[in-house]
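Before anything else, here's the structure in question.
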Amino acid sequence: KIMAASLDGVFPTTLQEKIKSSKLLVVGAGGIGCEILKNLVLSGFPEIEIIDLDTIDLSNLNRQFLFHREHVGKSKAQVARESALQFNPDVKIKAYHDSIMATDYGVNFFKKFDVVLNALDNRAARNHVNRMCLNAEVPLIESGTAGYNGQVELIKKGLTQCYECTPKAAQKSFPGCTIRNTPSEPIHCIVWAKHLFNQLFGETVDDEDISPDVADPEAQAESGEEKTAADVNAAAGDSAGGDTEMKSADENKESTVPKDGNVVRVNTRQWAKESNYDAETLFNKFFYDDIKYLLSMSNLWKSRKPPTPIKWESVLLKKGESEDDAYMRQYHKTWSLAECAGVFADCLKKLKANLEKIEGDSLVWDKDDQPAMDFVAACANIRGYIFEIARKSRFEIKSMAGNIIPAIATTNAITAGVVVLQTFKVLQNELDKCKSVYMRLRPNPRQQLLVPEKFLTAPNPNCYVCAAEPAIHLRVDTKRMHIKEFRDEVLIKTLNMVNPDVIVDAKGVVVISSEEGETECNEGKLLSEMEIVDGVLLKCDDFFQNYELSIIIMHIDAERDEPMFEVIADKNQLKPKEEKEATSANEKENGKNDDMADGPSTSKKARISEVIEDDDDDLCVIEEDDDDVVEIKVPSEVTAEQVTAATDKLQVKSPEKSVALKRKPTDDDDVTEVLDSEDENGPTQSKRSRTSAPEAGGDVINID
């Protein structure tokens, strides 16, 4: 078959030859990875390798188009290869069903490739690939999406910032069995309620099942014998005392028990339609019968407080109580259980009517759709009552539910297209043109959906990965943390090392060794017992990642309910609090009381007087104008030399101070504020959202 690079004139001659001789690695065969692989094959790349540890799930099929129903359960990388070969059987594609963090894929493995293309969905793997590409000195094109937002950027050693140069908020995700069986936080209940909405009115997805999960490993019997669904149903039926409501629900939700023990159920939507979306029937099924079902999984409740099933009759409004909709308008009030039940019943009627009006067969949940939002708020709080989890107001639930971000096929496709365009630039050695590109849901004032950076972002001199001498400070309770915890929680989980070695500097004492069994005797000892106390310098080394890091210990006496450690990757954060507050007060007295949390001035003209006032100001405004001319109004008392100095400062591409930068999006998508870590006026967030979205007072769940 004829691919683009085979046709003269499609690409410049030099690029055409580069494509024909290049070898690429694609890391990840999910939503973005499938699109990238297809684009590379159609472009004419002759040799591609792809790696992914995951297998295909039914829920992947709506956005990972190289996979079909018959592929469920198979390796993503292998099936992606087979499907891509149908576009061009002549391309050489090698697939690995493995983790990119496995020891088989060291620095020499990465050196084989001209460019590495990341299409991952987790931070640990991203950090690892980032480090391997830095060591191998291979260009890395990083990409990610979050709903309708996406970004693509080049990572090149010594030229651009690496993936770990900018601090990122901790990711939050929850296993399905936690959502379905053992919720412990309000966000768990909110996710469950959104899944219930989709099961009843929206597009149903397998991994959004809200029924109790019998496959939960915690629910298995201690003897090692798996408890079958039939056993669980029998136990639930016995505990219900032959309850008619439960029997009715089971009759409408027939189940079979295949050999693997998973329950095969009749479609929830069909069952709800057959019951005419009756509030009492649905309420008893989801909040009584299913909870009794959960209670029968006794192993789940050995160390947890068991839930309390709730029946419809027990929460009905008593005679004489208000039955109007007044409580529904009290968005800042936490509804009572009776009010939640009333909202539940009212929303079922409205949503059923809405479903019957539309041409399709599903509704789309929208936080601004009142019955849809009320339904989720009511169901989340009812589940909160059942599991004794803190209830939230409708307003709070709306902010949290709105941050649950789905994966969207179109966003993945556009992002993958930009990845390949950036690859073309890298192959032509046009690295200066590989500006980071951000995709937005709505056009900015310049009518751009794809918003490029103006400059390449220079490496952060304080980065604990790509700096010349990487170092961090570690605040830690040395009297509580054990060596094993230090290795597992700090070095591996937080700092993303694979096989770390640690010695106490100056003494040469080996604390942790990557050689199996060599320092096993130290694992149960406290840091303080190994003389790792305040002020001690540790030298850490990961041979596999070719990564060295210095850790300066700072002892803290942490309370029992406080975290035992905190990683400080920017030494400027160690500035005494009193000094920071004094600096902030001085700024206010000098008229510099612009709260960064409120965003920049709406004016696009820089205030030159402020820049002159403070030579150490670390605020840069990067603008995507039609040309490179920035209009500046200059006070009459300002000298020409001051104007020149200040103008040079405004045009700086990277800060000269050694500070860790935090990049904050503003209301104008083509303007970025670059803040240092000393700014105490409000929280900052990275513009490079990767696969995580800015938090808005709640949790974020990314689903890829």
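For all residues, glycine too, the Cβ spot is worked out from N, Cα and C.
Whatever TrEMBL says is automated annotation, not expert-curated.
What TrEMBL shows for this protein is this:
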- Cys162, Cys165, Cys463, Cys466: Zn(2+) binding site (BINDING)
- 230-243: compositional bias 'Low complexity' (COMPBIAS)
- 244-257: compositional bias 'Basic and acidic residues' (COMPBIAS)
- 570-595: compositional bias 'Basic and acidic residues' (COMPBIAS)
- 11-442: domain 'THIF-type NAD/FAD binding fold' (DOMAIN)
- 183-313: domain 'Ubiquitin-activating enzyme SCCH' (DOMAIN)
- 474-559: domain 'Ubiquitin/SUMO-activating enzyme ubiquitin-like' (DOMAIN)
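Are these features on the surface or tucked inside, and what are their neighbours?
DSSP assigns Cys165 (Zn(2+) binding site) to coil in the three-state reduction, placing it in neither a helix nor a strand.
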Select one residue from Cys165, Cys463, Cys466: among these binding-site residues, choose the one with the most other Cβ atoms within 10 Å of its Cβ.
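Checking each of Cys165, Cys463, Cys466, the winner is Cys165.
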Within the same chain, and leaving aside Cys162, Cys165, Cys463, Cys466, name every residue whose CB is within 8 angstroms of the centroid of the CB atoms belonging to the recorded Zn(2+) site, in sequence order.
Leu134, Gln161, Tyr163, Glu164, Pro459, Asn460, Val465, Ala467
Summarise the model's confidence over the domain 'Ubiquitin-activating enzyme SCCH' (183-313) as a mean pLDDT value.
71
Sorted by position, what residues of the same chain at least six away from Cys162 (Zn(2+) binding site) have a C-beta under 8 A from it?
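In sequence order, Asn130, Leu134, Ile155, Pro459, Cys463, Val465, Cys466 meet the Cβ cut-off.
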Check Cys466 (Zn(2+) binding site) against DSSP and tell me helix, strand or coil, would you?
coil
